[in-house]
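For reference, the structure discussed in these notes is given below.
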Amino acid sequence: MLRYALKRLGLGIIIVSVAMVMLFAMIYVIPGDPASVALGPRATPEMVQALRSRMGLDQPIWIQFFRFYFSALRGDLGTEVLSGRPVLDVVFEQLPYTLALIAGAISWSVLLGIPLGCIAAVRRGGFVDRVIGVLSVAVIAVPSFVIAIYSLLIFAVALQWLPAIGAGEPGNLASQLKHLALPSLAIGVGWVGYIARMVRASMLETLEASHIRTARAFGLTDRRITYSYALRIAILPTVTLLGVGIGNMVSSAVFAEIVFARPGIGKLVYEAISVRNYPVVTGAVLVTTAFFVVVNALADILIGALDPRVRTSFD
Amino acid sequence: MSEQALIERQPRERIGKAGRVLRRILREPLGAFGLTLVVIVVLSALFADVLTSYPPTKLAPAERFAPASLQHLLGTDHLGRDLFSRVLHGGRIALAIALGATGLSLIGGIVLGLIAGYGPRWLDNLMLLLFDAIKSFPTVMLALTLVTLTGPSLLAVLIVVVLVNVPGYARIIRTQTLVLKSAEHVMAARSMGASTARILTVHILPNVIGPILILASMDIPVVVAIEAGLSFLGLGVRPPLPSWGAILNDGFVNIRDSYWIVVAGGLPIILTTLGFTFLGETLRDVFDPRLKRRE
């Protein structure tokens with residue numbers, strides 16, 4: 001098990017490194033000199049030169065890359081071009097908002113998706129099953145940013161049930177949750193569909209398993225078998241599904257943060273790009289990518305611990 | 001190959017098969033619904049000029065923010081442009097990008113997948129690593145970084161979609177190619193001195209292309225969503241070109257006073273993604289029930 005975990009983590013580190021090379025290459029070939037862009041048209045050549053050497057832009061490309069790589073490993077993602085604040089601080093300041101958003105989305109999808117999947121599996125082939133099936137496909141198909149804008153229009157603007165803008169008063173949990181409800185639902189609603197389908201399928205498979213037949217032979221009630229024996233196994237694939245889905249949710253979070261004017265990583269990158277604040281862009285993209293890779297690895301390791309068959313297939 | 005199989009290859013028989021598939025799709029309520037939506041979306045994009053007399057970019061300051069009426073079926077936006085016309089013409093852009101980008105991704109995925117699957121082991125490993133690395137960027141983050149590089153344009157949208165889709169397609173082609181590499185008919189062809197190119201195109205490609213075509217058809221709504229999303233962020237189609245995402249953005253700014261702009265921008269996205277998804281799901285069940293179980 002330990003060997004599997006180490007291998008999986010090693011793969012994660014390699015992937016992040018390759019991603020860093022690509023990110024560096026992308027930023028490097030961007031037309032326009034970051035230093036002169038940052039200083040604006042009225043900067044003197046001396047000022048541009050000074051900033052260039054402060055940013056290390058006058059060094060050969062491979063030195064720039066290794067400097068970028070090893071300082072990133074130490075957690076130093078550079079400083080913001082104008083304010084001079086460390087990029088890592090700026091990113092970590094915004095990260096909790098995005099994590100809260102994603103946690104909210106996962107809660108919605110699990111709380112709604114698992115029961116719906118169970119009901120569909122129990123009523124297999126019936127009317128309820130068909131309705132849940134069609135709805136699941138529908139919410140997966142419609143892009144989350146359209147759902148975000150429509151839910152903003154319906155629940156915040158027209159009905160005024162929930163607030164439309166911001167993340168709520170700091171320290172006031174009730175207000176923060178209220179502000180979280182709509183954006184996290186917009187991100188999570190597609191995942192309700194994925195999870196419902198997944199739970200239904202694995203539930204149907206589990207109900208055929210021999211230990212369930214044994215339980216039935218012992219005369220346990222259907223309800224008991226479904227919800228305490230079968231469900232426990234049937235929700236395992238959900239962990240992998242959510243692990244893979246994190247990257248997707250980060251994408252949706254960018255839109256949700258912009259639509260609901262919430263602070264967060266997505267809004268940070270979006271705004272940094274419009275003012276060409278490159279260190280913030282690379283830093284934020286790198287942190288999210290690393291986060292995504294780590295979550296994926298953890299989900300794999302968790303599944304490996306729960307289901308030994310996965311471990312051997314990795315070799 | 002038996003005589004029966006040869007006869008079934010005849011073109012007339014294939015038309016018959018297409019008819020059978022169509023009939024099976026129409027028998028499923030969801031498939032019929034999806035097909036209807038797709039046909040409506042495609043026809044309204046094709047005949048946009050016939051269906052509306054307003055040019056999609058014509059400004060009419062006197063008619064700004066007009067709600068839906070008989071003159072303007074979906075109302076007008078902040079510049080007085082007719083939204084119905086913009087939605088129809090936006091459909092052209094959405095569909096053109098969806099088909100073009102999916103086609104390009106298919107070609108890229110097939111070529112890279114064949115190379116990874118048939119080439120040397122080290123190349124295979126290297127390519128898998130690259131695929132995983134690309135996949136590890138969340139789509140929008142990748143798009144944001146790329147657009148910084150190229151500036152907002154249709155080309156940027158195209159590159160993003162291809163980058164996002166190619167690794168998935170290539171992986172599937174690669175796995176199947178690996179299996180077929182040691183299949184008897186491939187061994188036989190190789191022992192008779194067939195070139196690598198011939199083996200790949202004649203003996204492997206026809207056997208691996210089926211599932212990926214179905215997957216690609218199911219990715220069309222995803223591509224529509226990516227284009228609309230990037231255009232909504234102002235990173236895709238440039239104004240004044242009509243795009244559903246751009247209409248959504250125009251409406252989002254004025255959501256408190258003029259709700260109909262947002263409605264006009266969102267509805268075609270919802271109808272198109274639903275239509276293609278329902279149709280794709282039905283197609284998959286008709287063609288390859290095995291794919292269904294894998295989810």
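Even glycines carry a Cβ here, placed using N, Cα and C.
All TrEMBL annotations are machine predictions without curation.
The annotation domain 'ABC transmembrane type-1' is assigned in TrEMBL to A:95-299. What TrEMBL records for A:9-30, A:97-122, A:134-159, A:179-196, A:233-260, A:280-303 is transmembrane segment.
Away from its own ends, the transmembrane segment (A:97-122) comes close to residues 128-129, 132-133, 136, 167, 176, 180-181, 183-185, 187-189, 191-200, 203-204, 207, 226-227, 231, 234-235, 238, 242, 246, 249-250, 252-253, 256-257, 262-266 of its chain (Cβ-Cβ under 8 Å, at least six residues beyond either end).
Outside the transmembrane segment (A:280-303), and at least 6 residues removed from its termini, the chain residues within Cβ reach (under 8 Å) are 4-5, 8-9, 11-12, 15-16, 19-20, 23-24, 27, 68, 72, 77-78, 80, 87-88, 90-92, 94-95, 236, 239-240, 242-244, 246-247, 250, 265, 268-269, 272-273, 310. If one looks beyond the transmembrane segment (A:134-159) by at least 6 residues along the same chain, the residues whose Cβ comes under 8 Å of a Cβ in the stretch are 116, 182-183, 185-187, 189-190, 192-194, 196-197, 252, 255-256, 259-260.
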